[in-house]
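Novice: Structure incoming, see below.
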């Protein structure tokens with residue numbers, strides 16, 4: 001009625017925070033769930049993408065960036081699988097064999113990282129190449 005009330009009644013849901021069924025608007029909706037990030041697979045994917053990004057930056061800074069595409073491609077694939085697992089795309093797309101794709105990605109990345117890390121440490125004397133080789137060895141282990 002007119003005139004409007006001076007103070008509207010408070011919403012009972014806003015006092016206790018958002019309901020668990022509602023989605024959070026904005027960029028927070030794109031982030032993976034905390035439960036997935038605390039799981040072993042989530043931590044490994046996060047570590048792998050972090051090490052791949054650091055290795056990529058080291059190769060960018062080095063004098064001759066011959067092995068630049070491998071860490072960049074592995075970083076993008078690790079981030080893709082991180083979000084695919086976090087958003088549960090493996091449940092939505094049943095036609096793909098997700099564990100086999102993830103396994104093949106990990107094996108090929110480990111082999112390629114191992115080879116380019118040995119080459120970077122043995123062949124080049126640049127400090128950025130040495131750092132990229134060391135981070136590549138860590139990424140091989142992860």
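Cβ coordinates come from backbone N, Cα and C, glycine included.
Nobody curates TrEMBL annotations by hand; they come from automatic prediction.
Got these off TrEMBL a minute ago, pasting:
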{"type": "REGION", "residues": "1-22", "note": "region 'Disordered'"}
{"type": "COMPBIAS", "residues": "1-12", "note": "compositional bias 'Acidic residues'"}
{"type": "DOMAIN", "residues": "36-142", "note": "domain 'MARVEL'"}
{"type": "TRANSMEM", "residues": "53-83", "note": "transmembrane segment"}
{"type": "TRANSMEM", "residues": "103-122", "note": "transmembrane segment"}
Novice: Taking all residues of the domain 'MARVEL' (36-142) together, what is their mean pLDDT?
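Specialist: Across the residues of the domain 'MARVEL' (36-142) the model's pLDDT averages 83 on the 0 to 100 scale.
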Novice: May I have the DSSP-based helix, strand and coil counts for the residues of the domain 'MARVEL' (36-142)?
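Specialist: Helix, strand, coil within the domain 'MARVEL' (36-142): 88 helix, 0 strand, 19 coil.
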